[in-house]
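Below is one structure; the comments refer to it alone.
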Amino acid sequence: MESKSHAHCFRAQRVLHGKQWQQDAVVTVDENGTISAIESYDGQRHADAIPLGPVDLMPGLIDSHVHGSQGCDVMDATHDSLNTMSRYFATLGVTAFVATTVTAPVAKIRAALAQVAKSKHDGVDGAEILGAYLEGPYFTEKNKGAHPTQWFRELAVEELEDWISYSDNQLLKVALAPEKTGALDAIRYLDAHGIHVMLGHSDADYEQVKAALAAGAKGIVHCYNGMRGLHHRDPGVVGAGLLHPHCFVEMIADGHHVHPAAIDVAHRCCGSRMTLITDAMRATGMPDGQYTLGEYQVDMKQGVVMTSSGGLAGSTLTLLRGVKNIHRWLNVPIEQAWLMASYTPAESLGIQHQLGSLEVGKYASMVAVSSDFSIEKTWVKGRLVFDAATSPRQEALCI
């Protein structure tokens, strides 16, 4: 095979090409880390192809809502923490993530946003940092979750400008409660600046959520959790989010936050708009014990993290485990479950033309997956960032 000096051609037993499987196929990656060809294997033309063995090549997973792992958190505001998270995620098939903050004093949020931007610019060793997700401080008390109310703030465009500035224009998403004063103006402002607004930690009614979505909001935060639920006389945040044809629906598929049957109901309503997330915090991949989530001290027992008052406080889910759960609970093909954690997150961020599926012209952010669903290799934009043959697997550590 003729190729450019730094191009590579990988052969796998199957390649998830777009949304369909291609048997015994090769993926050619150019020197820029972009996929230049996906085609059936030909012994003569692909004589130099790197044989990956009996694996499936699939798009890298994208965690669009994650706080931490391995004892580290975005709110640490350090490169070491973000890099540790990045390396850990790569071992589990995640090739990109959105670093998510929590409600905290303004100075701490500013520091976290600034560090996310710096680490994205400087680069990390594993999964790439796509940008920042501001989760809080624009919530309301009734469905606060693990967000301390003393640090809640009122919406003001000037403050939104401040967050954007501290993030060096790397702020991708903002979560807010649509019933707050000034919410619609804030949504319109953020939408005009290309920042995706998610609705959550909210007691808004159906009409308020409909108005927010009409104003430009793009989705709802971890569906069912931290929001007014679905009632036959009051459809609430859940009902509005599931019904709106363009609303992305975040879902934590760990079996603790949402019952599998409720996930099935949501999926039957929103279909491909369901976006698998982890909402994982620093206890992910760690033993049971005490940890911090923002300003809270929390306890993890058997992988479930709770506040002292008994509320859930983030998760210890991995995106790979979430995909497995969806595949099993909803009885959908593995490729369909996988795309809920790769293509749909990319689409929700408006980057589906770059990431989320394996197609010509997109980045070669991809993973080699064995028959037992373990990750063998992970590439980010054509660069090998994890190889199970030389590094320990991590999934066994994760709850």
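Glycine is no exception: its Cβ is also placed from the backbone N, Cα and C atoms.
Binding of divalent metal cation 2 is attributed by Swiss-Prot to Glu135, His222, and within the candidate set His121, His201, His232, His244 the record adds His201 to that site.
Record check: Swiss-Prot places His65, His67, Glu135 at the divalent metal cation 1 site, and the matching candidate among Asp264, Asp279, Asp288 is Asp279. Proximity to His222 (divalent metal cation 2 binding site), judged by a C-alpha distance within 10 Å, picks out Asp279 from the recorded positions His67, Gly255, Asp279. When the recorded positions Ala146, His201, Asn225, Gly255, Asp279 are ranked by how far their Cα is from the Cα of His67 (divalent metal cation 1 binding site), Asp279 comes first. Once the Cα atoms of Ala146, His147, Asn225, Gly226, Arg233, Asp254, Gly255, His256, His257, Leu312, Ala313, Gly314, the listed binders of substrate, are compared pairwise, the greatest separation found is 30 Å.
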